[in-house]
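What follows is a short report on a single structure.
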Amino acid sequence: MKLIVIEGIDGAGKTTLSNLLAERLVELGYDAIVTHEPFTDEIKMLLENVGWKDPLVLTFLFSADRAIHVNWLRDAGKGIIIMDRYYYSTMAYQAALGLDLKWLETVSSVFPKPDLVLLIDLPVEFALMRLSRKRDSLDFKEKRETLSKVRENYLSLARKYNMIILDGKRDLRELTEQALTHVLQTLSS
């Protein structure tokens with residue numbers, strides 16, 4: 001099993017790229033699936049009911065969800081798993097809401113390390129335009145100030161964890177091919 005993670009702020013295009021990347025890999029003969037975090041319907045319901053504002057509660061809910069997700073991945077066992085978000089999202093978002101990054105890294109350290117992390121970097125203004133086209137109103141984590149902090153956190157994490165940074169302003173076809181090149185290099189190493 002190869003674990004490929006796609007990260008980025010809300011509106012960066014993670015889901016779109018994850019799906020296109022999986023399609024391209026299947027076309028090339030690979031066994032590839034896409035998974036998303038949050039993974040379980042139960043955790044999604046809790047998040048909706050509890051709300052998204054308490055970073056400590058969010059960290060534990062996402063970690064519980066991730067533990068279930070990782071067990072499911074182990075059972076799936078083979079092929080290429082493309083994850084639309086992973087523990088880097090928890091680090092970037094919850095640190096933006098005030099939690100200590102070192103502590104978040106400790107919490108995340110129990111989960112399997114991915115083989116490759118692709119960070120779609122997109123300026124906040126572009127992300128907000130995309131989000132406003134999809135939704136009538138933005139939630140608190142999609143506000144300019146929060147997204148700016150999250151983006152800064154992601155860029156810092158990218159340096160620390162050797163993520164590949166992709167330019168989210170690029171043409172979608174070009175972005176997909178660039179991501180595919182990095183995935184194929186990872187698969188051949």
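Note: Cβ is positioned from N, Cα and C throughout, glycine not excepted.
Noted in TrEMBL for the protein shown:
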type: DOMAIN; residues: 6-177; note: domain 'Thymidylate kinase-like'
type: BINDING; residues: GLY8, ILE9, ASP10, GLY11, ALA12, GLY13, LYS14, THR15; note: ATP binding site
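Listed in chain order, the residues near the ATP site other than GLY8, ILE9, ASP10, GLY11, ALA12, GLY13, LYS14, THR15 are ILE120, LEU122, ALA127, ARG130, GLY168, each with its Cβ within 8 Å of the site Cβ centroid. Residue environment of LYS14 (ATP binding site) contains 24 other Cβ atoms, counted within 10 Å of its Cβ in all protein chains.
Sequence-distant contacts of GLY8 (ATP binding site), defined by Cβ-Cβ distance under 8 angstroms and a gap of at least six in the same chain, are LYS14, LEU119, ILE120, ASP121, LEU122, TYR154, GLY168.
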